[in-house]
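In what follows, a structure is listed as structure tokens, so that the remarks can point back to it.
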Amino acid sequence: MTRPVHACPLVSRKAPPLSGKVHVPGDKSISHRALMLSALAVGESFVEGLLEGEDVLATAEAMRSMGADIRKDEKGCWHIHGVGVGSLLQPQNALDMGNSGTSTRLLMGVVASHPITATFIGDASLSKRPMGRISTPLSLMGARFSAAEGNRLPMTVTGLYPAIPIEYRLPVASAQVKSAILLAGLNTPGITRVIEPVPTRDHSERMLKGYGANLSVEENDGVRIISIHGEAELKPQHIIVPGDPSSAAFLVVAGLIVPGSDLIVENVGLNPTRSGLYTMLKAMGGQIEYLNPREVGGEPVADLSVKYSHLKAIDVPPSIVPSMIDEFPILFIAAAMAEGKSTLQGLAELRVKESDRIAVMAEGLKALGVSLEEKEDGLIIEGSAGEGLGQKGKMVSIAAHLDHRIAMSFAVAGLVSEGGVTIDDRRPIMTSFPVFGQLFKELGAEFEMGLVK
């Protein structure tokens with residue numbers, strides 16, 4: 001889908017020490033799944049702390065289009081009246097997913113085992129992302145796909161009921177593919193199995209169980225086997241969404257690299273399949289302390305105390321990559337400020353995200369004077385040992401390529417730049433972290449927001 005482009009630049013300049021407390025908004029992954037599973041339950045579910053970014057709102061609108069009644073009350077709690085597994089309605093119009101790959105891929109799984117047809121469309125960035133890794137297993141279950149060249153959006157999915165239960169071994173670590181198959185398995189007679197050689201985020205498994213799905217997880221020599229027995233009735237739930245660790249990452253890294261900073265990021269989800277970044281930052285010498293550890297909605301949560309730190313270079317082990325795949329852009333910024341040479345490889349997946357995150361980050365870091373080597377599957381970065389990035393008096397321009405994590409990563413880089421950073425378009429930030437600028441302002445760093453042009 002083509003939309004007119006009206007860029008809204010963001011300017012980030014060297015910041016004073018960051019201090020204060022901020023409360024990170026709800027987790028995007030959990031917010032998506034809460035809406036989908038509540039819409040497939042029988043009865044009324046309640047969701048507190050839902051992330052109200054554009055991606056999650058696209059999921060809400062899609063579930064409305066398929067029959068769910070979804071509204072927000074005056075206190076900010078979301079009420080979802082579900083239609084039940086197997087009872088989704090035929091959407092009358094195309095489902096516009098905006099920039100959300102998660103919405104698109106998981107909802108394709110939902111549609112695949114229902115007797116309905118849905119056309120998925122998205123923005124320019126999403127329309128470039130390959131969907132073959134989703135259509136391949138769902139086709140084995142009987143769904144039919146009609147797509148643009150290269151298995152890209154727009155894509156029409158025609159579900160099959162009864163769908164065919166499958167046993168599928170994931171060729172690459174992907175929580176989205178795993179989740180799509182499990183969601184398709186919800187309305188499929190028999191047992192659908194996913195074999196996961198490398199663990200990925202497990203929100204789908206946790207939440208499916210919580211809603212009453214008949215799901216089991218076995219582990220055998222590091223391999224996870226997830227089995228779902230289809231056609232169970234989902235029960236409505238009251239979900240409290242913990243804070244998003246992927247969003248908190250930008251605040252935490254800023255606190256580590258801006259000299260003199262001392263801050264607290266509250267309400268951060270620390271699911272072990274999502275917290276790899278914090279493990280790596282601590283290994284780099286980052287002063288991060290977990291305060292008030294607790295459980296929220298079945299997920300581990302803590303407040304993070306963060307102090308400016310002299311970071312050391314790191315080599316990221318391949319085993320931890322799936323637990324921090326979305327956080328590598330901001331880890332690249334941390335590595336650029338560290339002492340020594342960091343090796344960050346095994347990241348080929350980054351080339352098919354909202355942008356080619358390896359190439360785009362390499363281009364931007366080079367513009368800031370960072371010495372690096374680009375590999376097919378990652379970057380080798382020579383850090384500045386805490387010296388500011390770029391040159392005094394020289395503003396560096398960065399193209400975000402419609403990618404929220406690129407835009408936010410370089411906004412953080414601007415806080416330790418000598419001449420400032422201009423990001424060409426801040427609008428993608430609204431997809432996942434609409435209060436990004438507001439929270440940084442509360443900590444003492446104010447971004448300049450350019451006018452629409």
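Counting begins at 1 with the first residue displayed.
Placement of Cβ uses the backbone N, Cα and C atoms for every residue, glycine included.
Cross-referencing Arg129, Arg201, Arg206 against the phosphoenolpyruvate binding annotation in Swiss-Prot, which names Lys28, Gly101, Gln176, Arg357, Arg405, picks out Arg129. Cβ neighbours within 10 Å of Gly101 (phosphoenolpyruvate binding site), excluding its own Cβ and spanning all shown chains: 20.
Among the binding-site residues Gln176, Asp326, Lys353, the ones whose Cα is located within 10 Å of the Cα of Gly101 (phosphoenolpyruvate binding site) are Gln176, Lys353. Spatially, by CA atoms, the binding-site residues Lys28, Ser29, Lys353 include one closest to Arg405 (phosphoenolpyruvate binding site), and that is Lys353. By a simple count of nearby Cβ atoms, those within 10 Å, the most crowded of the binding-site residues Ser29, Ser174, Gln176 is Ser29.
For Ser29 (3-phosphoshikimate binding site) paired with Arg357 (phosphoenolpyruvate binding site), the C-alpha to C-alpha distance reads 20 Å. The maximum pairwise C-alpha distance among Lys28, Gly101, Arg129, Gln176, Arg357, Arg405, the residues recorded as binding phosphoenolpyruvate, is 20 Å.
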